[in-house]
Amino acid sequence: MNSNSTRYDFSNPLNLVSSFLMAANGIFGVICNLSILYIFICVPTERSSFNLICVYRSIGNTIILVWGFMATFIPIGLKETSPFSNNYETVVILSCNNIYMIIQYSGMIIASNRFCAMFFPIMYHKLFNIKITCTFLSIVFLFKLADNIYYLVTFLRKFIRKITYFNPPLIPARDCYTLYSSFYLAWIPNMDPNCHSSQDIPNPFNNTAILVVLLILMNIATFSKIYFFYKSTEPEQREMKRKTKKNKTLFFQTLFQDGVMLIDMLFTFKLSQLSNERYWTFISGTFVWQCVHSVDGFLMVMFNERLSFLKKRLFGIDEKSHTTIQVLTTVHH
């Protein structure tokens, strides 16, 4: 694999470039995602159930970008020997993947939110008010937290037995690490058959495929409702037109966010197999995954109605000019 004369640390051009790209992409993504949280806190009118789901996504994206990529993967890529213990790396990688799954589930919640808004507008405020949405998201988070703890106990068996003195004979004293490689510049799943069984780890591709099919069906139904309703609405019904345009904008946001995740799945399960070159394992296994979370934050900022709030603070652009731009953008889509 790697010769004795070659070092895979900051002195290696690819390691240095990959670390720079992850740092720049991570900073950009953190700024975008924290902007969503900032808008939600500072603008009371933005505290809707839809935006609350986006806040959960932005928090998850930020944790993955900061904890997974910037605080863990970059230091490993700059040092040939990982500065972290195998236990810590495994905790980071498995936890970030579980947070990513929560973000994927939130995509289904967003699609359900738009579906209910278009097909059941009378029930929408009862089914998707802030309190119910917050409660449901918290339940999903707690479920995945328990799921994450289960997988950590499953993978770090020897470590758990050592610190807890829990010594059941059915659990072998074997640690199954999932680590980030400074050579491949990607994390490598542990495929040792002694580390897990088919019951321990479900096929992620099957789960993703089911989720994608449901999202596509719901989005097709939502788009059809928006298109035919918008087409049949009389021109003088301005308020109805305005609400329909808003739903159309939120629908396209959902569509683009789902599309970004589909691209990541395509690279993870298919395109990553095209080559074992280091640059390609970095792109398909690490950089595309990081881009999912930075681009997701960027999309939420670009589609946010109160982007003018940030523009006014940062660039001095007034609300009137923003309104004109927003209307033109909506019509374009």
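Just so you know, glycine gets a Cβ as well, placed from its N, Cα and C.
Feature annotation from TrEMBL assigns transmembrane segment to 20-43, 55-78, 98-120, 132-153, 209-230, 250-267, 279-303. Residues or ranges marked as domain '7TM GPCR serpentine receptor class x (Srx)' by TrEMBL: 26-304.
Same-chain residues lying 6+ beyond the ends of the transmembrane segment (20-43) with a Cβ under 8 Å from its Cβ atoms: 51-52, 54-55, 57-59, 61-62, 65-66, 69-70, 73-74, 77, 286-287, 290-291, 293-298, 300-301, 304, 306, 309-310. Mean predicted confidence for the domain '7TM GPCR serpentine receptor class x (Srx)' (26-304): the pLDDT average there is 80.
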